[in-house]
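K.L.:
Annotated transmembrane segment per TrEMBL: B:33-50, B:83-107, B:119-138, B:150-169, B:189-210, B:240-260, B:272-289, B:296-314, B:320-337, in sequence order.
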Amino acid sequence: MNSSEQTTPLLEVRHLSKHFGAVQALNDFSMAVRPGEVVALAGDNGAGKTTLIKAISGVFQPTGGEILLRGQPVTFATPQEAREKGIETIYQDLALADNLSIGANIFLGREPMRKAFGFLPVLDRKAMAVAAKQTMGRLDFHVSRLDAPVSNFSGGQRQAVAIGRAVYWDAQILIMDEPTAALGVPEQRKVISLIHQLKAQGRGVIFISHNLQDIFAVSDRIVVLRRGVQAGERKISETNHDEVVKLMVGG
Amino acid sequence: MTSTSPTETHVAPQADHGDPARSWLARIAEGRAWLFLAGLIICFEVWSRLSFGATFVLNPFNVQSIAIFAVAPLLLATGQTFVIISGGIDLSLGFIMGLAAVVAAHATNMAGVAMPVPLAMMLGILAAVLVAGVPGLINGLLISRLRIPPFIGTLGMFGVARGAAFLLAGGTTVPVQNSWFALLGNGRLYGVPYLVIIAAVFVVVMHYILSQTRFGQHNYAIGANVQAARRAGIDIRGHILRLYVLSAMCAGLGGALYAARFTAGAAQAGEPLLLDSVAAVVIGGASLFGGSGTIFGTVAGALVIAVIQYGLVFVNVEPFWQFIAVGLVIIISVLIDQAQRRFSGARQDE
């Protein structure tokens, strides 16, 4: 990677707008995520965070503005297309099939097959388990019992599986929607350390949270949304809780 | 239950990595059904010896009768297993089976006029399975495209298939004139009835589809979390459509085999078997909420029902007790299952 690529953002959003009928959910919003950068997205309920990530992840098309991936303008007709381009959204819930193993969840919808007896196609569970073990290892997250359904694991471990799936499929940009919301404190720390791992691997992370503690623990920058517009953008090292809260509520 | 610390690393000791059909909970549930079956057989053995001084299970005639008895409900139940694992239910299977039995009889007779006997038989069976696929296709369309709940959609099809079957049969049973068909239904290979051989092969194929293919894997995923499955890029609508066609075709084969066994097609052939099929799946350890269940568990469930029904007749109990016994077994199975899930519900690190 040369120095000019280093400065090209992985993901850039320019003048993005989205309205639903007369409701302007997002208005002329711009932001960028660089490799190895964690950008926190903060804002009150209804500020437009969800609208923004849905536009980026291809759930719906923006009304105006553009999305650039490594400097190239892109449009996504479906979430599938966004995922193929390396943008993965990790939802706090509803992301895993609880009755399947880690490997089966990582490969859900794209299961590897092998030939049994030389002709009969069967699911390659061994390959799935090996990939699961390696991927979770890359996240410094070691679980025993790779054949157990993920319902046996804790909330933090399940979050790690969801992140592991994105990592395995080589997502370059991970959008994490409240990844720590449903977790206990030790589990929250695990997820925060996972995000540090992603950062170290040069991926870009958009981190959405209500928890300023978590935001300050893991982010490089924070972008605040208020009523669909960008209310401010700060480097974490140059701001504090008070200032962020003021930006959020419009003090 | 062991706790897992983040530094702990070991390889899963089991060879079957992450097979949902083989996960430990499913294994216990499936094992429980087989254990139950064994207990039941022992009970009838003791009962029979004490009352009549005759063996129950060591009598090959009994074993054969039970096996034949279990074939039709088992075919329905294998299709039902797929549907229930996906979180749905198919109430139309009984009359789809009846419709298929009538179609098999008519088609075999009609084909028999113009072509050799074995060919006519095969054409009859094929027609039964294909015609059964039609209501299955409609079920699938209603549920996947029009978002009608499976319970309601298949209940509607229950009525439609019932009416269609009786209309096609002219309100009576349709006798089959085909010597091969009769042989298929009543003949034996080395003492094993053809029907049982067909059912055994069929069960193995269905087990393969459920446990070793993407279709099966997606079926478990959809039953556990349809949202997650959709986000993983699985074509939910296409899957649901294929699922209900598959279950209807299982009933279609069941209908054809019924027509072979009784050398006649009857619209009411599968009427009492629908609830038996659901019962077999539940006794076999599947959850009615979806996401779990196995084909071999269902096999055990179907055999449990067959043993109860045949066994009670054998020991000379009034037949009405069969309903009570099967009903109690269903309730007990679900209770044990719930207790087990509650017991194992505690997660490793919480």
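Backbone N, Cα and C define each Cβ position, glycine as well.
Values in this document were obtained by computation on a predicted structure and should not be read as measured data.
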K.L.:
Looking only at residues six or more beyond either end of the transmembrane segment (B:83-107), which have a C-beta under 8 A from one in the stretch?
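P.N.:
Contacts with the transmembrane segment (B:83-107): 72, 76, 123-125, 127-129, 131-132, 135-136, 139, 143, 150-151, 154-155, 157-158, 160-162, 164-165, 168-169, 174-176, 210, 219-220, 222-223, 226, 239-240, 243-244, 247-248, 250-256, 258-260, 264-274, 277-278, 281-282, 286-293.
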K.L.:
Determine which residues of the chain contact the transmembrane segment (B:272-289) at the Cβ level, with the cut-off under 8 Å and only residues 6 or more beyond its ends counted.
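P.N.:
For the transmembrane segment (B:272-289), the list is 26, 28-30, 32-33, 36, 72-74, 76-77, 79-81, 84-85, 87, 89, 91, 93-95, 97, 158, 223, 254, 296-302, 304-305, 326, 329-330, 333-334, 337, 341.
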K.L.:
How about the transmembrane segment (B:33-50) with the transmembrane segment (B:240-260) - do they touch, taking at least 3 C-beta pairs under 8 Å (6 or more apart in sequence) as contact?
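P.N.:
With fewer than 3 qualifying Cβ pairs, these stretches do not touch.
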K.L.:
Take the C-beta pairs under 8 A between the transmembrane segment (B:119-138) and each of B:150-169, B:189-210, B:240-260, B:296-314. Which stretch has the highest count?
P.N.:
B:240-260
K.L.:
If we skip the immediate neighbours and take only residues 6+ beyond the ends of the transmembrane segment (B:189-210), which ones have a Cβ under 8 Å from one of its Cβ atoms?
P.N.:
21, 60, 64, 67-68, 70-71, 74-75, 78, 81-82, 85, 183, 216, 219, 250, 253, 257, 260-261, 294-296, 299
